[in-house]
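Engineer: Below is a structure I'd like to ask you about.
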Amino acid sequence: MPEYMINGIPVNFPFEPYELQKNYMAKVIECLQNKTNGVLESPTGTGKTLSLLCSSMAWLLHMKSKQPKHRMETIDTLPEPPELSNAKHAALDPEQALALQQQKANAKMKIIYASRTHSQLSQAMQELKNTSYLFVRSIILGSRDQLCIHPDISKQENNAIKTVLCRESVKARNCSFYNRVETAKDRPDVATVPVMDIEDLVTVGRKLKACPYYLSKELVEQADVIFMPYNYLLDPKARKSNGLSLQNTVIILDEAHNVEKMCEEVGSALLRSSDIALAIEDTSSVIKSMMDGGGAWTGDGEKQLELTLDDLVLLKEILLGVEKAVDDIPILFSQGGTTHPGTYIFDLLEKANIKFGNINVVLQVMNSLITHITTEKTGGFVRRGAGLQSMVDFLEVVFASSGPEYRQAVEKCFRVHIEPEEPKQLAKGGVKRADGWTATKQPLKAPVKSTSKVINFWCFNPGFGMRQLVDSGTRSIILTSGTLAPLKPFISELSLPVAVSLENPHIIARSQVYVKVITHGPDRVELNSSFKNRSNPEYIASLGRTALSLCPIIPGGLLIFFPSYPLLNKCSEEWQASGIWGQISRLKQIFVEPRGKDQFTTTMAEYYAQVRDPASRGAIFMAVCRGKVSEGLDFADANGRAVMITGLPFPPMMDARVVLKKQYLDTNRTRENELITGNDWYSLEASRAVNQAIGRVIRHKDDYGAILLCDSRFQNARQQAQLSAWIHSHLRESSAVPNFGTVVGEMSRFFRHMSTASLPARVRDVCAVKDEPAEAAKEEPGKGKRFATAVKGGGINTFAEKFRLSEYLPDSMKVNPHSRSTKSAGDDAEAGGSGLVTLYKRERNDGKGPPPSPGAFEATRKRRKIVIVPQPLVKREDTEDGENVLLPVKQEPDVAAAANVKRVAPENRVDFLREVKCSLSAGSYKTFLQSLAVYNRNSDFVLFIKQLCSCFNKPHLHYLLLAMRRFIKQEHTLEFDTIIEKIEARFFSDM
């Protein structure tokens, strides 16, 4: 891949980067070089993720190249000192153990790449696999729900139950999959695969019969890059559970528009009266068992409970005290609850003798009791300590820190809201709690009383959680997304010191997108989805007629986003009753976003299939802003040619948390902190959700589509200013409000024009995922413009000259680097060349047949198909008709030619490894990579040379064997030269 100098760092990029991509990568590297934090916005479709990965990986390798070689091997690869091998450092003083652990963590600089969902992380890891940095050791952290392969435990539907059963099985050493983890991590299937995503972990776990969940945790220590969801990083409990050290770590938060909310949620907690009652019941049950058993209780386990009867009696008194304190709180149930300052929670819990001085002891007793309760099985009912676990979770958040500064922060940034607890829905055949805990034979003994309450401990300052990351010794924190603007309030809310910021424009031309505000439907009824108007039958009918009128002129897929599920359901019902639904369905089949995970996957597959079907006229997908469809899904090209935003998805105005958030911002806003007002925040919440939904459509530089804002409130200048800058610029050009007929005419002309526009084909549409992009094959290295461009410094530096690829074990390489041309076969014949890439042109409609339907529009615009033909396997011959054609030939290595014409392997390591891949079979190439990995790790030269001779055992491959000298360690070079001399002597004597 071509290389570019950016801020003094050589960056490998799959193609010549656009100016905005260069600017983006320069900002990323600036943050990393200067140990500062950055907030970077780049619209969806501008190659943000690719730019982020390439620049950060290049910087990481640059830093590693500056370290001494013994540091690069890391402490992890060295034998453990004898004093550390005894019972997990039992002989060491706790401070010494902590210091050694910290030293081990600091020995290796890491990058943590976090995003909202595993789907988004998988997309990022796939991007990484398609770059030159696919050899950088990367691992993903996931949940048991995704990674467990135990035949019984994995069948549990609830993740909480799955966690309990897993821990129980691991603790008893009953899980054979867990028991194989230690040996599996050194197997070639794991050790030689640098980038492992969820799918890779599950596949290798099944193959080796080793637990993917615990295997991923083992691989974290060796990894250079760790991918994980936000909550794994932002939640202190999750960080502790996964053993994450943030010292000297670079944190990249992609899709960071969700970070504010996630930080607030991680710092918040709730406790129900029913949770307290369950905790009391569980404690009482164990006390009774201990009294019946003479003061000891073991449940069904072999290990005796490490708590005395006095401990449990004191715990029960504390729990009863909490229950009484909560019951005594006066609230007006008719008003929905009462609110108190954050420090009220400390006063409330102190009534039950829970305070900073004894909180650690209380939590220790509760955790010990939970561990034993989970193993007790009596009468078909599995006690899982749900109430006690809820208590522990709540107390850990409330007492997350201590000292006067913490109390002051809680007073300012937190609120305690107490509201009535609603009765839970009971499942048929038993009692099912909302958190998934299920009783099978007996009813729950903690019914919700009329005075039951919910204690909400809410954090309203996302900077509270962000500061924990900063204070953990991180090197840099980079927040990036396609929808962060306006940046000032975003930065102010996070209380993050930011030295670098960027707002990138969009990569597409202005002619590729049509943006309009539609204030009235075809029947001239105003389109306004405000709370007062959304139940208006005239409005709902007009919205349906708007969609019906636009369907015939929109090719492919149409996305319709609603502000909420109730409005989506209301429109669906009304349109079906009035017949509008049926009229739309005759033009485009309608799909509705489902709530269930399995249903969602199936529905999406059906939608994509309908859009691809040449016989159809496309499809409609009705979804909700902030739903699954609006976050992270790709509706590129025909899958999303237009998006209708039917309203502004404001948060519920009367929701207690929303009201308190607005109050918090208004109260704490000063000139110095630049916080926004409560009303501005409320408006921004809606605009950011709209920006995310719009971003589903324009997904790359050659995409095009229409963005239709179907709500009169979008005509408001203030509302438009909160949209992404590239959308806002289109709206500024046409301030006049067109009538509906004008919009239909303009949009019809727009799609007609785009259907004839010759946009270049996307790389991913014409090449396999693991192939080199077609453009990169057009010119020989060093001769074309693509290889002669640098961002800064003016020079081209070969990637392999800076870094030894062999040390990072490349898993797979790209297609033959000697590919010369993408001309059609006919052109190539005229030129007398033998190009490797043959283009077959599709026939165009000559106008004699019927015009294609809008749904089939995309099928007629498919890119020219590329067929890759390996050059050594074709020859040109004249047929009987006198036509010169390419014919396949069986190629035998010419020994004489090999002897007379001495081939020289490429000096460039990347080119050399590519030539090795092209010259060997798939099996031999895999053996070659594995042997190289083992040699770099174990220095076993005898085994290595034996495997090399096996791979390069043909005379025409001898030059590659000679070139392997560059990978031989210094202490083995003399031995290697001797063996080569013997091989050459035998070879030429046979001649």
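We number each residue from 1, going along the chain as drawn.
The backbone N, Cα and C atoms fix where each Cβ goes, glycine too.
According to Swiss-Prot, the feature domain 'Helicase ATP-binding' maps to 7-319. Per Swiss-Prot, the feature ATP binding site maps to Ser42, Pro43, Thr44, Gly45, Thr46, Gly47, Lys48, Thr49; the stated evidence is sequence analysis. According to Swiss-Prot, the feature [4Fe-4S] cluster binding site maps to Cys148, Cys166, Cys175, Cys211, an assignment based on sequence analysis. Per Swiss-Prot, motif 'DEAH box' is recorded for 254-257. Positions annotated as region 'Disordered' by Swiss-Prot: 812-833.
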Engineer: Around the ATP site (Ser42, Pro43, Thr44, Gly45, Thr46, Gly47, Lys48, Thr49), what further same-chain residues have their C-beta within 8 angstroms of the site's C-beta centre?
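Structural biologist: Going along the sequence, the neighbours come out as Ser51, Gly482, Asn504, Ile507.
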Engineer: From the centroid of the CB atoms of Cys148, Cys166, Cys175, Cys211, the recorded [4Fe-4S] cluster site, which same-chain residues not already listed sit within 8 A by their CB, in sequence order?
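Structural biologist: Neighbours found: Arg144, Ile149, His150, Ile153, Ser169, Val170, Phe177, Tyr178, Tyr213, Tyr214.
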Engineer: For the binding-site residues Cys175, Cys211, which one has its C-beta crowded by the most other C-beta atoms within 10 angstroms?
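Structural biologist: By the 10 Å Cβ neighbour count, Cys211 comes out on top.
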Engineer: Just give the helix, strand and coil counts over the motif 'DEAH box' (254-257), going by DSSP.
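Structural biologist: The counts are 2 helix, 0 strand, 2 coil.
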Engineer: Applying a 10 Å Cβ distance cut-off over all chains shown, what neighbour count does Pro43 (ATP binding site) have?
Structural biologist: 25
Engineer: Could you list the residues of the same chain, at least six apart in sequence, whose Cβ is under 8 A from the Cβ of Thr44 (ATP binding site)?
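Structural biologist: Long-range Cβ contacts: Gly482, Gly695, Arg696, Ile698, Arg699.
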Engineer: Can you give me the same-chain residues 6 or more apart in sequence from Thr49 (ATP binding site) with a CB-CB distance under 8 Å?
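Structural biologist: Once residues fewer than 6 apart are set aside, Thr49 (ATP binding site) is near Gln123, Ala124, Glu127, Asp254.
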Engineer: Counting only other Cβ atoms and using a 10 Å cut-off, which of the binding-site residues Cys148, Cys166 scores lowest?
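Structural biologist: Output over binding-site residues Cys148, Cys166: least Cβ neighbours within 10 Å is Cys166.
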Engineer: Tell me which residues of the chain lie with their Cβ under 8 angstroms from that of Gly47 (ATP binding site), as long as they are six or more apart in sequence?
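Structural biologist: Set apart from Gly47 (ATP binding site) by at least 6 residues yet with Cβ under 8 Å, we have Pro17, Tyr18, Gln21, Ile507.
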Engineer: What Cα-Cα separation, expressed in whole Å, is found between Cys166 ([4Fe-4S] cluster binding site) and Pro43 (ATP binding site)?
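Structural biologist: Cα of Cys166 ([4Fe-4S] cluster binding site) to Cα of Pro43 (ATP binding site) measures 42 Å after rounding.
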Engineer: Just the number: how many Å between the Cα atoms of Thr46 (ATP binding site) and Cys175 ([4Fe-4S] cluster binding site)?
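Structural biologist: Here the two Cα atoms are 46 Å apart.
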Engineer: Give the sequence-ordered list of residues that share a chain with Lys48 (ATP binding site), lie 6 or more positions from it, and have CB atoms under 8 Å from its CB.
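Structural biologist: Sequence-distant Cβ neighbours: Tyr24, Ser42, Asp254, Thr480, Gly482.
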Engineer: Using C-alpha atoms only, work out the spacing between Cys175 ([4Fe-4S] cluster binding site) and Pro43 (ATP binding site) and round it to an integer in Å.
Structural biologist: 46
